[in-house]
């Protein structure tokens with residue numbers, strides 16, 4: 001009826017199919033997507049827009065093989081890149097028991113503009129899980145491709161998983177803490193490693209939860225006083241069942257009694273480690289919670305410093321720590337590098353100086369080694385990189401939220417949401433959905449409000465013309 005009325009002219013189905021199939025769905029680095037991202041966001045028109053960070057993470061998918069009629073291939077096998085595949089095939093030929101693996105995860109790589117709204121997934125690899133040496137090849141191979149397009153990769157952002165931290169350590173074999181390396185494709189430019197700040201807040205909260213609670217693998221102690229999860233449980237339960245107005249109206253049962261799914265949600269971790277909880281503990285006046293108050297306040301300020309998302313957040317939240325960075329003498333750089341890191345070092349040394357405890361018991365008095373390493377890497381990288389970026393010409397401010405993984409987590413949420421009730425896509429479905437999201441402008445698509453991270457404001461639609469599949473002439 002619409003087509004016959006001539007009120008709304010709709011394109012033919014074949015035309016729409018050409019738009020959604022403007023490039024192949026094969027794994028690896030997709031240069032067609034990079035070309036389109038550079039055109040859509042006018043990256044080459046402004047030197048500042050050429051500064052980007054590289055985000056990478058794995059997402060769980062449904063294992064299985066699917067026949068692709070377009071390529072004539074079976075989709076679902078692991079594809080780790082040409083070099084890694086050759087090494088894998090050599091190992092299979094040498095071992096009679098080894099077989100080609102069927103992918104259970106997809107390593108997804110996104111580029112994100114530091115001074116622009118660029119957010120685009122440019123590569124993916126079906127896998128069973130990447131090792132640090134496999135990551136080394138695909139990441140540096142991608143950096144080389146991006147540098148040829150005129151983009152400057154300033155930072156690598158990922159979570160604190162063991163292969164990722166080992167990948168960082170490969171670049172500094174003789175260093176106690178490796179947080180940067182020389183960018184071989186850039187002119188005297190360092191490439192900084194950053195562990196995702198929201199992920200660090202979750203691991204810190206998990207250490208806190210396990211202190212005398214849940215798994216009871218921690219016994220956190222600071223300044224001779226305990227840091228116990230039971231202190232928060234007592235506080236919140238008394239607040240819920242007490243008379244009058246609540247001190248902590250945002251803290252609910254879900255914050256205290258965490259399931260595996262709830263532990264993945266950043267919001268629940270950040271709200272527990274917030275100044276509101278520390279103020280409520282202080283109001284109760286229990287001297288045994290003084291160390292818990294200090295611990296919560298330090299991590300609340302740490303997250304505020306590394307989660308500045310817009311120029312007005314400091315005014316709206318009435319927090320100086322949430323204001324944008326405008327010069328290299330910003331007091332937060334000094335606080336992070338001196339006060340916060342010294343706080344962690346003092347806390348760690350306090351546990352090591354306990355003479356009447358075993359080595360294992362000493363380690364339980366502080367945060368886990370992995371969390372401490374991630375915190376130090378992130379702080380040192382952000383402080384040095386932030387000062388370098390603020391010295392660039394025409395830079396008015398810097399937003400620290402540009403160095404976290406929220407856009408990638410939202411992308412995974414959109415991928416799961418495109419399957420309806422089936423929120424675990426196969427490799428083939430993931431690849432097809434990736435093209436659809438690319439055509440629909442993925443940043444402008446609404447992510448699930450129940451995702452692992454807080455939903456951000458949608459980006460503006462891109463007005464650049466869509467790319468179209470080119471038909472081969474016979």
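Don't overthink the numbers, they just go from 1 along the chain as shown.
Even glycines carry a Cβ here, placed using N, Cα and C.
If you check TrEMBL, you get these features:
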type   : residues : note
DOMAIN : 46-170   : domain 'Transposable element P transposase-like RNase H'
DOMAIN : 199-313  : domain 'Transposable element P transposase-like GTP-binding insertion'
DOMAIN : 402-432  : domain 'Transposable element P transposase-like RNase H C-terminal'
REGION : 452-474  : region 'Disordered'
(message) Across the domain 'Transposable element P transposase-like RNase H C-terminal' (402-432), what are the DSSP residue counts per state (helix, strand, coil)?
(response) 20 helix, 1 strand, 10 coil
(message) DSSP on the domain 'Transposable element P transposase-like GTP-binding insertion' (199-313): how many residues come out helix, how many strand, how many coil?
(response) 68 helix, 6 strand, 41 coil
(message) Using DSSP, what is the helix/strand/coil residue split across the domain 'Transposable element P transposase-like RNase H' (46-170)?
(response) 43 helix, 44 strand, 38 coil
